[in-house]
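**Student:** Structure provided below as structure tokens; questions to follow.
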Amino acid sequence: MTAAPLMPDSTHPCRRRKSYTFFWCSLGVYAEALLFLLSHLSDACELPRPFEAMELKGTPKLFYAVGEKIEYKCKKGYLYLSPYLMIATCEPNHTWVPISDAGCIKVQCTMLQDPSFGKVYYIDGSFSWGARAKFTCMEGYYVVGMSVLHCVLKGDDEAYWNGYPPHCEKIYCLPPPKIKNGTHTLTDINVFKYHEAVSYSCDPTPGPDKFSLVGTSMIFCAGHNTWSNSPPECKVVKCPNPVLQNGRLISGAGEIFSYQSTVMFECLQGFYMEGSSMVICSANNSWEPSIPKCLKGPRPTHPTKPPVYNYTGYPSPREGIFSQELDAWIIALIVITSIVGVFILCLIVLRCFEHRKKTNVSAAR
């Protein structure tokens, strides 16, 4: 009995490009190469993460061998602080020792002093470059100058404030504005202190219609040359006689209705009111809100409005639930696809190994 001849190299399953076996074997070879590469790279260190205060000297690499060293330098705007090391070594556990940018400190501006009758606050908690300093004054004083200074970088290792520190001065106000047909108290004072107040009043009128004071009657010095409110006006305000058809006045009746006169209404029996039952005479000679209406019949009940999602532009709750369910299905599909992909890759490698084993056994026979 003669031994079976060995399969020619050109007809080997892994050599026939048109066969499915060649496809499986090729994928297996790629998987082995990937495992080989990962096993060799597992003993290397990756490039360390970027640091805020220091940067790598020279050209960086993707991987470094165990025992290999890298050297750092402080970035622009940072100063080296001895005795911190600027060299790190790749350790067998894939870490760099030591690795810290504590040896590089940020360049600082000079520390600012509190002004008289004021304080300085460092908004960012420091006075290094990029920081801000805010100046405030005690009550009754105001800041003269820039209230906020910025620490800016000059060159590589210097920093300075972008302006001169301000100072605090007492708050004073010039006399308040004069008004037509009226006056204010303390007209003989030329300079008013902080929180000093004046009151306005209207002049008497020669006719039957009196002037009304429209606005705030008292204002005070609230800031440097700043009064707490605008001055009021003195003018004649008359609103028309309030008439409510199918209704009547129950409060505030009179012959003249001047500024801020208030009246109240009610409807006759068999009518209901649409609008506000109380109105006030405003500065523009009209009633606010508008005089109501008395409509015949019983007061209607408020109809129940449809849910907000029934209006155009609002999604319904069903659409929201469907969207959430759809997102969950997409996530589940991605997870299942990933698991199946890993399983297929493992199966490819296993089948390729089994095929090689069978081929070797056949060749040995």
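Just so it is clear, glycine is given a Cβ too, placed from its N, Cα and C backbone atoms.
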**Student:** Out of ASN284, ASN310, which residue gets the N-linked glycosylation site annotation in Swiss-Prot?
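**Tutor:** The N-linked glycosylation site feature in Swiss-Prot corresponds to ASN310.
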**Student:** In Swiss-Prot, CYS137 is listed as disulfide-bonded to which of the following: CYS104, CYS168, CYS173?
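**Tutor:** Going by Swiss-Prot, CYS137 is disulfide-bonded to CYS168.
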**Student:** Where does Swiss-Prot put N-linked glycosylation site, among ASN181, ASN360?
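**Tutor:** My reading of Swiss-Prot gives ASN181.
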**Student:** CYS109 pairs with which of CYS45, CYS74, CYS151, CYS173 in a disulfide, per Swiss-Prot?
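**Tutor:** It is CYS151, per the disulfide annotation in Swiss-Prot.
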**Student:** If you look at what Swiss-Prot says, which of CYS202, CYS221, CYS267, CYS281 makes a disulfide link with CYS239?
**Tutor:** CYS281
**Student:** Between CYS294 (disulfide bond) and THR205 (O-linked glycosylation site), how many Å separate their Cα atoms?
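**Tutor:** Cα to Cα, CYS294 (disulfide bond) and THR205 (O-linked glycosylation site) are separated by 38 Å.
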**Student:** Just counting, how many other CB atoms are there within 10 A of the CB of CYS294 (disulfide bond)?
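**Tutor:** So the number of other Cβ atoms within 10 Å of CYS294 (disulfide bond) is 19.
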**Student:** Nearest by CA distance to CYS137 (disulfide bond): which of the disulfide-bonded residues is it, out of CYS109, CYS151, CYS221, CYS234, CYS267?
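**Tutor:** With Cα distances computed to CYS137 (disulfide bond), the winner among CYS109, CYS151, CYS221, CYS234, CYS267 is CYS221.
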**Student:** Given ASN181 (N-linked glycosylation site) and CYS281 (disulfide bond), what distance in Å do their CA atoms have, once rounded to a whole number?
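**Tutor:** So the alpha carbons of ASN181 (N-linked glycosylation site) and CYS281 (disulfide bond) sit roughly 21 Å from each other.
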**Student:** Of the recorded positions listed here (CYS109, CYS281, THR301), which is spatially closest to CYS221 (disulfide bond) when Cα positions are compared?
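**Tutor:** Of the recorded positions CYS109, CYS281, THR301, CYS281 has its Cα closest to that of CYS221 (disulfide bond).
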